[in-house]
Structures are given as C-alpha cells and as structure tokens.
Amino acid sequence: MLHIPSVLTSAQVIEIRQKLDAADWVDGKATVGAQGAQVKKNRQLPELSPVGMELGQIILKALVSNPLFFSAALPMRYMPPLFNRYEGGEHYGFHIDGSVRTIPGSNLSLRTDLSCTLFLCEPEDYDGGELIVSDTYGEHEVKLPAGDMILYPSSSLHKVEPVTRGARVCSFFWLQSMVADDGKRSLLFELDQNIQKLREKLGDCEEVVGLTGHYHNLLRQWAAV
C-alpha cells in the first residue's frame, strides 16, 4: 500500500469538484455484482458518463507524469476512472474487488492488479468515510488530503466506513500492471527508489549504472507486455 501525494493540483481538484457537484449521480449498486450489492450503499457517476470520462482523462494525464506512481504500479492498462460520493450514513462494507473487469465501451478486459482511490475532498470536510484496507499486517485506515491517492493490491479486503457528516467524494479505478506478482513488483519498486537515492548522492557512478542495469534486467524477465 502506497500513499502518492499531490497527484492533482488544488486548481485541478476545484475544477473537478465543480463539475462533479453539478452532475447527476446514480445508485452505486449498479456497478457491482450480487455480493458487493449486499454491502454497498453510495452513489456514483454512470460508467459512461461524459462528465466522468472527461474528468477521468485529467486524472490519467496527471498520473502519466508522476514518477512515484509509475515506479510503484508499472501500469500497462487502466480502467477509466470512476467517481463516488458518500454522505448521510452511506458506506461500503468489507469486500474484495473483482479479479477481471471489462473496460466500458470496449471488448477489452484487464486483470485488476492494483486499486486506486484519489481523494477529492479534504479530511476535515466530512466525518467517517475512512478507507480500511486489511492485509497480512493488519488493518490500515486511510483518509488523505484532496489530490492525494492511495494505491493498494486489488486482492486486499477493504471497506469504507459510514460518513456521518459532510460528503466524501473520490475517484477510484483499477489497473493491470506489467508485473502481476505483488512481491516482485514491490521488490522492483524498492530497488528503483534506492537507485534514485543513490543517484542523488553519487551521480551516475559505475555502481549506480550497474544497479540500474540489474533493475531493467529483472523488469525484462518479469514484465508481460
């Protein structure tokens, strides 16, 4: 699980929120299967909403230029970003995201390796609404500033706590990584981050160049493109 700060600027968050606040929302149960519908109570923009598709492109363009996101996710294919809203006690109980999803408006599918939640409201704007992600190390509570994103394995059990004041507005989506295995992807991420730190201290010395070569050889061995 990784916190990626400042994916969007304050101006981008304001622009997106203005358009979302004027949009028509539908029952979130329309986008899940039978199991999810039993524990899901929120509202979403329809999957092929013109407003949602326009705003989703802003998010994806921002991510393309985010080196931390690319290093951690090694993205190959994205689901178009969706948008949800929780207020008045709305919540989403514990669930695991479906393993394969069809990209709306196409015949393409993707394997959901990583789940992304991008916050579009400040923590003080609402009470409750924490994203709880459960993994082998316990439960992690997530409530981030507007414009920040949390990235976590789609195999994780997770939920959204009831919102008791205000409104929690987020974008969420899934991606297929070039490296399907969480352990291998995490190893590559940690190696890349340490190489970047060494480069800042030592420049492109022989050892840093050698480690960079090892990184790319591992990626070449493990990546499916």
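Note that Cβ sites are derived from N, Cα and C of the backbone, with glycine treated the same way.
Under the heading Fe cation binding site, Swiss-Prot lists His95, Asp97, His158, citing sequence analysis as support. Residues or ranges marked as 2-oxoglutarate binding site in Swiss-Prot (evidence: sequence analysis): Arg168. Summarising the annotation, Swiss-Prot assigns domain 'Fe2OG dioxygenase' to 77-177.
Mapped onto DSSP helix, strand and coil, the domain 'Fe2OG dioxygenase' (77-177) counts 3 helix, 62 strand, 36 coil.
Within the same chain, the residues at least 6 positions away from the residue listed as '2-oxoglutarate binding site' whose Cβ sits under 8 Å from its Cβ are Arg85, Tyr86, Glu87, Cys121, Asp125, Tyr126, Gly128, Gly129, Val160, listed in sequence order.
In the shown protein chains, 25 other C-beta atoms lie within 10 A of the C-beta of His158 (Fe cation binding site). For the domain 'Fe2OG dioxygenase' (77-177), the model gives a mean pLDDT of 97.
Other Cβ atoms within 10 Å of the Cβ of Asp97 (Fe cation binding site), summed over all protein chains shown, number 18. Using the Cβ center of His95, Asp97, His158 for Fe cation, the list of other same-chain residues with Cβ within 8 Å runs, in sequence order, Gly36, Tyr92, Phe94, Ile96, Ser115, Ser154, Ser156, Leu157, Lys159.
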